[in-house]
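A quick write-up on the structure given underneath.
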Amino acid sequence: MASTMIPYTVNIKLAARTLTGTLNLQNKTAVDWGWQGLIAQGCHSSILIIDPNTAQTIQVLERHKANVVKVKWSRENYHHSLSSPYSLRLASADAAGKIIVWDVVSGMAHCEIQEHSKPIQDMDWLWAQDASRDLLLAVHPPNYIVLWNGDTGTKLWKKSYAENILSFSFDPFEPSNLALLTSEGIVFITDFSHSKPPGSGGKKVYIASPHSSPAHSKPAAAQPTGAKKALNKVKVLITNEKPTAEAVTLNDCLQLSYLPSKRNHMLLLYPREILILDLELSQTVGVVAIERSGVPFIQVIPCAQRDALYCLHENGCITLRVCRSTTPSPNETVTDPEQNSQELVYDLRSQCDAIRVTKTVRPYRVVICPVNENKAVLVVSDGRVMLWELKAHASKSSSNLSSGLPPLYSAVNFCGTPLRQNQKCIPDLSLNSMIGHSLIPGVDSPRPLADQKEVHLKFLLTGLLSGLPLPPFSLRMCPPLTTKNINHYQPLLAVGTSNGSVLVYNLTSGLLHKELSVHSCEVRGIEWISLTSFLSFATSVPNNLGLVRNELQHVDLRTGRCFAFRGERGNDEPAIEMIKVSHLKQYLVVVFRDKPLELWDVRTGTLLREMAKNFPTVTALEWSPSHNLKSLKKKQLAAREAMARQTTLADAEQSSVESSVISLLQDAESKSESSQGISAREHFVFTDTDGQVYHITVEGNTVKDGARIPPDGSMGSIACIAWKGDTLVLGDVDGNLNFWDLKARLSRGVPTHRGWVKKIRFAPGKGNQKLLVMYTDGAEVWDTKEVQMVSSIRVGRNVNYRILDIDWCTSDKVVLASDDGCVRVLEMAMKSASYRMDEQDLTDPVWCPYLLLPRAALTLKAFLLLQPWMDTFTMDITQVDYKEKDEIKGLIQEQLNSLSNDIKSVLQDPNLSLLQRCLLVSRLFGDESDLQFWTVASHYIQAFAQSAQSNESVPEGQAAASHLDICHDILCESSFFQGFQLERVRLQEVKRSSYEHTKKCADQLLLLGQTDRAVQLLLETSADNSSYYCDSLKACLVTTITSSGPSQSTIKLVATNMIANGKLAEGVQLLCLIDKAADACRYLQTYGEWTRAAWLAKVRLNAAEGSDVLKRWAEHLCSPQVNQKSKAMLVLLSLGCFQKVGEMLHSMRYFDRAALFIEACLKYGVMETNDDINKLVGAAFVDYAKLLRSIGLKQGAVHWASRAGEAGKQLLEDLSQTEGTGTESSPADDTDNSLVNIE
């Protein structure tokens, strides 16, 4: 360190970052929560990346020039490997029509897309990622949809529509379906594809405004049953005819979304109600209406894991509504029997606290965690981000009766498997582990199972991020880091705000360190007087005499204590213009607008001098960095040493004590450089209105006037001065800078042509002569040694914000406050503030495997998935044989350490099965494809294992407990799927309101085999209907069909003729009447109606026939033109074709998934052993071993190679040889040969 007494500045490494504030109205919809576990949020033209678990902003992306209007994380619905790694990819769109796809970790733009210059209305990544995982659909105003390749920025196709498009929603069950919400209604597209634009203009339907519905005109004092009945009358809201001009004012539908919890359902959101539509009938089957005094909706998010809705209301309250099961529970008294059967009811199950809404503070958007669906984040216009978590509490069974709601029960499974004895679990892991699935009458037992508890849901606020208040701001960085204060230094930035508070940020973390309410009006300036205290001043609005109330406060950060520095002074006087503290923090100058300046002693708080009335008006002022502290210290030291020598010394021991006393004195002296006993001489210079420079010396309480320098003719009125070493710089109102070299007695004027020089500041650090200059239209950095500009930013040229204040925060970083409400820490080059996330110093570690290098992320996954080579499961990466750089090992260990204790204890629990582990890890990684696969695989491996064990019937209630939820649609068990479809038709039937609807219901009933009910509907056709005769005959036919040969063959002949002549649906119906549903399915498949055929097979065919139909469908899904292999695999899993799935996984090179799947199948005994299977096992295990070797996990490689039998022998030899010679091939060399198929 420095040997001299005077400390010199050392540099501290701070990350470039942006502290953000209030949002712009255009940012309202710019927020998204990705499968990757992070939240992206638009703030003016920047994008914040927030980790919801630790409530930290971990990245800010800056490249947009206009306000960000949409952000969307890419989907993770594909198998991840070294070539398709886990990566943080985000698309953002702005108000000028630009879309940027980001690599979030590096903060770099991956590609930029521009089609038009109007704000992007909506945008989303395609969820089906088998063909490509890079496709992005965007709505370019007014009426275009464009499909982009988000990796290259290439336009694939563009399509225009007749009306203005407001937003769109993809069908989560069918990638070829898309619905557009337009200014006039809805357009349904059924031929969406990445290869070509939709062929037709889509099917248009118009929404009749729900305000004409009885829900809004019900009498105020109606009984609840009456209100419920009124809701039932909201029948049709969808018509194919365009409504008359007076009926359509403006489409006040706020949102349209497909329900991910059940196929072919959609919600429409209006301010006062949510309509649930069944799209097969274009019919309302449920309404969530707000009572007259209730708070209107802004937004709704439908869940996938349960039929539930998260709703955001105008007061910032988030409510969770869960669809009521249609099976009445045994102890439930049905108050309104009609209601129970007539529509879907969404019960309010939980709500969080509202916020205080004002003109400037209102809720903007809510997003929920897509992986677990049990956390919601609310974004408020003032920049606050509130994280609410849903918690389930088991309760006494009687408590629900008071609310009048049927009880909610807990889930039976944890990670897809019933809990074992003493098994650790996380009840709040996800929505489907908190509450059980919705019950289906006739399939599920209405009574809860033995281990199901009644639960209540509550929202808990678990995180809060708050932004800066509204600008303007004044900034001041604390004194710089020096060799003296290095041990206790914190890089603190004080931000004075318009409401009188001072926010102190720690720039290492970017987090708010203290918020102090100091003043009653806007803070005008701040000056630090030590590392832990500062002076700040504020001035009130002038009265009619032009006088104000001045507030000058002394603030101690350690205690939070504030006091008025000028005592009673301050009322009714001219405004303070500036305050300047001397270099050694001994003296303070206070400059007023129309009043002579005051000179104060900072240490004692006493007024040293109030200048005379004739004192010149000050336009700019700066303290000199030179002083006589050094020579004073030398004199003092000499005096002390003289005293010490006069003392007689008893022995040498005493002298050592004495010298330590002296050094203590010196230490004390240097620690308080401005200690009371010593007053060093300091100087300041100032200019008057004529540009004359004055020099004043202050020592103790004596003030001396020094030399005066006449004005420089080339300069205008001087606005600011900066002084460092031998360089003095003056800036004027005309944009001139004048550089004085005091040693060489030279001056040099430079016109910047940028107008008024508002502020100039020298950078800290010994010999650092960089100067930061602020103008009305931007800022520049100058090198005063070379007298040349280093960097520049200008409004309208390279930034779109105005700069309000400037300072240096380290010797090479500047901090700027701007009118978009942000404070930016930038490199000296003043370029974008995005940074590499892996170089950041975070206060709390963040769990996000996507931040790791691709190879390291896969290692972490393999490490968590299975450690069969260990006796116990460890969370310490150093305990396994892992060849990798220590730095990468360290990063992996940081990820492991950042997991919550709950998750760690579950992962280390010996009772956790392989299937549960695979499911849990896919949740932790936010791996959509893995989660889908393991949910279905785990369910059917266990189901087939169970039925193999007990060929006798499955015990009652057991099957019901474990069926897949209806969000898996055709993958569900047939009995459950059938029950759901019957229930659905019953709802449709109650809701029908026209002949069209009745006909559709009768058709569905015939396909489902419900002939009696169908006949009743057919006979309802009125005599004046053109179909009266036809329907009557059909009713007769249905009732008289016998199983006699001749009638069957006649009907079959008629049916096949009908199909051949283009009447497919009618022919299929006839075939179903004579129990020839298998033939019907074949015809449907021949004519390309694959999904309809699968549906019919599930509801009508026995297991063997149904299996044939579904296998053909799976083959079709694998064909190159369809390319939905991942869906085909799920279909095969539901049929128990485990060998086929194992072979597919292996041939698609999903080596990790293949090995773990085959291992699970062998464990549960659902793969019999034969030569083919042994060959598959060997190939899969050896390829997984090679993959593990390539990422450096040698122990794992040995384990799987040894499990591979003959196939693994060669690899085992290679592995033992590398062990013997001690040379391990580097992962990079090994990658290629690890991907060779072993057959």
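Cβ from N, Cα, C; glycine included.
Keep in mind the model is a prediction, meaning the values are calculated, not measured.
Going by Swiss-Prot, these are the annotated features:
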| type | residues | note |
| --- | --- | --- |
| COMPBIAS | 1215-1226 | compositional bias 'Polar residues' |
| REPEAT | 63-112 | repeat 'WD 1' |
| REPEAT | 358-398 | repeat 'WD 3' |
| REPEAT | 476-515 | repeat 'WD 4' |
| REPEAT | 571-610 | repeat 'WD 5' |
| REPEAT | 898-944 | repeat 'WD 9' |
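A mean pLDDT of 95 is what the model gives for the repeat 'WD 5' (571-610).
Shown for the repeat 'WD 5' (571-610): DSSP residue counts in helix, strand and coil, namely 0 helix, 22 strand, 18 coil. If you look at the repeat 'WD 5' (571-610), the same-chain residues 6 or more away from its ends with a CB under 8 A from one of its CBs are 524-525, 527-530, 535, 537, 539, 542-543, 545-550, 552, 554, 565, 617-618, 621-627, 629, 673-674, 676, 679-680, 682, 684, 698, 701, 703. Assigned with DSSP, the residues of the repeat 'WD 9' (898-944) fall into helix, strand and coil as follows: 35 helix, 0 strand, 12 coil. Under DSSP, the residues of the repeat 'WD 4' (476-515) split into helix, strand and coil as follows: 0 helix, 19 strand, 21 coil.
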